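Colleague: Swiss-Prot feature annotations, pasted as is:
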- E463: active site, proton donor (ACT_SITE)
- E539: active site, nucleophile (ACT_SITE)
- N104, D203, E463, E539, Y540, A541, H542, N606, W1002: substrate binding site (BINDING)
- D203, F603, N606: Na(+) binding site (BINDING)
- E418, H420, E463: Mg(2+) 1 binding site (BINDING)
- N599: Mg(2+) 2 binding site (BINDING)
- H359: site 'Transition state stabilizer' (SITE)
- H393: site 'Transition state stabilizer' (SITE)
Amino acid sequence: MAKTDPLTLQQLLAQRHWENPALTQLNRLPAHTPLASWRNADAARGDLASPSQRLLDGEWGFSYFDRPQAVPDAWINGDLPQVGRLSVPSNWQLSGYDAPIYTNVQYPIPTDPPRVPDDNPTGCYSLTFHCQPAWLQSGQTRIIFDGVNSAFYLWCNGEFIGYSQDSRLPAEFDLSQRLLEGENRIAVMVLRWCDGSYLEDQDMWRMSGIFRSVSLLHKPHVRLDDIHIDTRLSPEYRSAQLRVLALCSLTDASAYQLKVTLWRDDTLIAQHQQPFGTPVVDERGRYLDRTRLSLQIDQPLLWNAETPHLYRAVIALLDADGTLIEAEACDVGFRQVEVSGGLLKLNGKALLIRGTNRHEHHPDRGQVMDEPAMIADILLMKQHNFNAVRCSHYPNHPLWYRLCDRYGLYVVDEANIETHGMQPMNRLADDPSWFSAFSERVTRMVQRDRNHACIIIWSLGNESGHGSTHDALYGWIKSDDPSRPVQYEGGGADTAASDIICPMYARVDRDQPFEAVPKWSIKKWIALPEETRPLILCEYAHAMGNSLGGFSRYWQAFRQYPPLQGGFVWDWADQNLTRQAADGSSWQAYGGDFGDMPNDRQFCMNGLVFADRSPHPALFEAKRAQQFFQFQLENTSPITLGITSEYLFRHSDNERLCWRIEHHGEQVAGGQITLNLPPEGTVSLMLGELPSLAGELWLRVEVIQPAATAWSPANHRVAWDGWQLPAALSLPKPDVPGEQPRLHPQSQLIEVVQAGQRWQFCRQSGELIQWLQADKPQLLSPLRDLFVRAPLDNDIGISEANRIDPHAWAERWQRAGYYRLESQLLRLQTDILNDGVQIRSEQAWLADGEPRFLSRKCYRINRQGEMLLEVEVDIAAGLPEPARIGLHCQLAEVAEEVCWLGLGPHENYPDRRLAAEFSRWQLPLGALSTPYVFPCENGLRGGTRELTFGHWHIRGDFHFSLSRHSVEQLRKTSHRHLLRDEAGCWLTLDGFHMGVGGDDSWSPSVDEEFLLRARQYRYRLILTRG
């Protein structure tokens, strides 16, 4: 270690290392792949705990200051009187110090690089520990910080050790010359902001502290410093080479050898041993401190996300007598990644990326992710047909990659670089003074993670424009690791710094011709002249709140056009944080809820799953669209089903097809067939004859996995589909004789009476204001037209209280007066018919005295006690398309169960219903609402033919929702925990409902076919006593 002058704390801080982009570290050791220094080769092979490692996680001393200069010099040598305790790893903001800040683009500090505010929150950590005596006698003892945000200084026993920044990569220091017998004390001063913060402008919560593990590692004096693993496959993929490069600290290269053994479980596959030194490199000779060797492997089991076969390589450093000095080990997956023929290929097969972006986020622990949380994410991804994850937007915890290797996920490893808030975005990427800061974040990532089979693409970072620095770093990666492609979206997604066209939020068919960086439709992009690269969307389908509409269109395009090789949904999990209320209850917070300024409100909640990893309904849509089995109904007489496997590498040796025919939602036929399909195989199966039944006749199929797997339980469902079958001709049912309804006009209302039922209509509004069954009122509010919804995030767009987006749906509806409509009755007419009573009304809905909608209703109450309701709605010209054409009312009864025949079981909307199935469903009332943290329209079920709830039974072809919360309350409430159950239950019955959109959430993204563009709509319902 370079000797450092004994500066006082204030003298050291006066140098302001944290504002110098050319200086990113002092005394930090070079980056390398993870090491464990086993002293037993069998322990290395078994991945047992290494006695050379010691974890320092736990309770540390902690003192908080508003700026580094406020820290007393005495703290370096001993804890201060007011010292507290803080868990490591953690973010200090979640323990009551300072506040987390959520912003997307805008920097949370004034934009003045490389300077940061003088008021720079500072956390002072300390820990005392005893060091093993043997470690003091020989060798090297290192301390490793896996993640510290954003910069820190380190002291050991009062002596300055070093400085580091880059929150997401390890910082490693040599403590050997500073450790003492007995008690040792390390002190770590962490700064919230540094010049590196300008490179970490990711869309996430800005939090600080030691948020990943801290450990000690003892290495012998002669030691392995780094191991590079590379696998090469033969052209026919039947044999492979395992190439190993070992870098060592040696006193005499001739006295040491390297031995590599490759294992498959307990079976030795290959081994090789050779002395150190390389062939001559140039006119100055060769390397003496490194060696390269190669093992030939015949018929290797290849790694891929479907069958993630792994071997274990043990790299042993031996002395001249063959005695083990130390061993390192790592998992090895034999696979080959390439871009050839315009396609991204793995082991010769063109991949279809079923991907998601994932932040390291936990609602209670912030940016601290432990192994159970990581495994839970991986299992959920695999269970929902994801095969890839992009580490957005920084290198993840080192354990994440080992788990992805073992469970099978393709990974895009991304450098911790984003300068989204700069103007222009590429300002720092084109500034030579920042080159070193950029470079270390890319090169150190590659040096740490290169041995992982799961990593198939390197990424130069996110949303940082395109500058000369990107071109240089692209070249460095291609030279240092030619085994993987490189991608980078900045500067237009198709610059020379990317092997893959990797746009974000490009539409399927619509161009977005932005100045300088046009975003073409994905179909057009791959057809551009001279473009030969594959296209993989680095971000698409912005899953913010009630979203993901139109997702299936992307997958139709991916399957139709081979160069469109999938993409990564934005994003995996909502990034809200848990807060405690005064009464001890907890609630979920988003931007601004900690008093953080600036903030971007709920824009942190874009997940397919809630922060606690319970699913959004959109997750099921993604699972269905991405499923690995495709079905085609080839014939209905007899019923013949075609099945195609989209697995590229695995046989369907654990799959069973289950099929059933349902009549009005009840099974009338079914069966099971074991599937045995080769990769990419197809089969046609005859299921049986078509039943001769009238009415709703549906075929439903699903593929399950009978046996549990590493990532799923037994009988896990992997794919499904359904079709309406041709039904026999049905004859009208003869009317059942019943009591003739009677009309009872009154001064304020019109009442119709029939066999214990009474319907009451208001003479002033023409609306049904009460329905009594056996004298029991059913309504707490009239059955009334409804044209609005509580705005979705996609409806709000980029509108804020002080910045209105005039194109956002919510603003257009607001300007048109849809949320403040007043009713005017134009006509009310009653008629006595041969088989009942008819009431006709014509009602205008006005805003500012101007008509917006004209609603004509015909209520026909017959002898069977049914109310046939026909609704016709006209929309005034020149107005925005409404969210819905429907009815709503407040029911008096709150029944426990809801039963319906229609699409379900989960929430679905016209442009997000691929995953919904037609059947007869029954759920508790509370299960019908989706608890989005930011309240909005939710819980709709479409394609409904029948609905039964309490004493209500409704037939027709409609959408419905049932909720304890009105549209008005949802619209005006900022957080889920602030919603209050209202009296009764709100029922909405929609004849028509617009889509939710979801290509992005800042521009109108509902496809034309899912907008209510017609000027007139008609629908029909039948309401009867349940």
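Cβ coordinates come from backbone N, Cα and C, glycine included.
Just so it is clear, the model here is predicted, and its values are computed rather than measured.
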Colleague: Fewest other Cβ atoms within 10 Å: which of the binding-site residues N104, N599 wins that one? Let me know.
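Modeller: Ranked by other Cβ atoms within 10 Å, the binding-site residues N104, N599 bottom out at N104.
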Colleague: Got a sec? Which of these binding-site residues, F603, W1002, has the most Cβ atoms within 10 Å?
Modeller: F603
Colleague: In the same chain, outside E418, H420, E463, whose C-beta lies within 8 angstroms of the Cβ mean position for the Mg(2+) 1 site?
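Modeller: Here the non-site neighbours turn out to be V105, D201, Q202, D203, H393, T419, G421, M425, G461, N462, S464, G490.
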Colleague: Within 10 Å of N606 (Na(+) binding site) (Cα to Cα), which of the recorded positions H359, E418, E463, H542, N599, W1002 do you find?
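Modeller: So far as Cα distances go, the recorded positions lying within 10 Å of N606 (Na(+) binding site) are H542.
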Colleague: Go through the recorded positions H420, E539, Y540, H542, F603 and tell me which ones have a CA within 10 A of the CA of H393 (site 'Transition state stabilizer').
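Modeller: Candidates kept after distance check: none.
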Colleague: Pull out the binding-site residues from the set N104, H420, Y540, H542 whose C-alpha sits within 10 Å of the C-alpha of D203 (Na(+) binding site).
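Modeller: Hits: N104, H420.
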Colleague: Does H359 (site 'Transition state stabilizer') have same-chain partners at least 6 apart in sequence with Cβ under 8 Å from its own Cβ, and which are they?
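Modeller: Residues satisfying the criterion: Q202, M204, S392, D571, W572, A573, Q575.
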Colleague: Please identify, among the recorded positions N104, E418, E539, Y540, the one with the smallest Cα-Cα distance to N599 (Mg(2+) 2 binding site).
Modeller: N104
Colleague: Quick check for the class: what is the C-alpha distance, in angstrom and rounded, between H420 (Mg(2+) 1 binding site) and N104 (substrate binding site)?
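Modeller: A Cα-Cα distance of 8 Å.
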Colleague: Taking the Cβ of the residue listed as 'active site, nucleophile' as reference, which residues of that chain separated by at least 6 in sequence fall under 8 Å from it?
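Modeller: Set apart from the residue listed as 'active site, nucleophile' by at least 6 residues yet with Cβ under 8 Å, we have N357, S392, E489, M504, Y505, G567, F568, V569, W570, D571.
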Colleague: What's the CA-CA gap between N104 (substrate binding site) and E463 (active site, proton donor) in angstrom, rounded?
Modeller: 11
Colleague: If you measure from the C-alpha of E418 (Mg(2+) 1 binding site), which of the recorded positions E463, Y540, W1002 fall inside 10 Å?
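Modeller: The recorded positions passing the 10 Å Cα test are E463.
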Colleague: Taking the Cβ of D203 (Na(+) binding site) as centre, how many other Cβ atoms lie within 10 Å?
Modeller: 23
Colleague: Where does F603 (Na(+) binding site) sit in the DSSP three-state scheme?
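Modeller: Looking at the DSSP assignment, F603 (Na(+) binding site) belongs to a helix.
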Colleague: Taking the residues N104, D203, E463, E539, Y540, A541, H542, N606, W1002, which the record names as binding substrate, find the longest CA to CA distance and state it in Å to the nearest whole number.
Modeller: 18
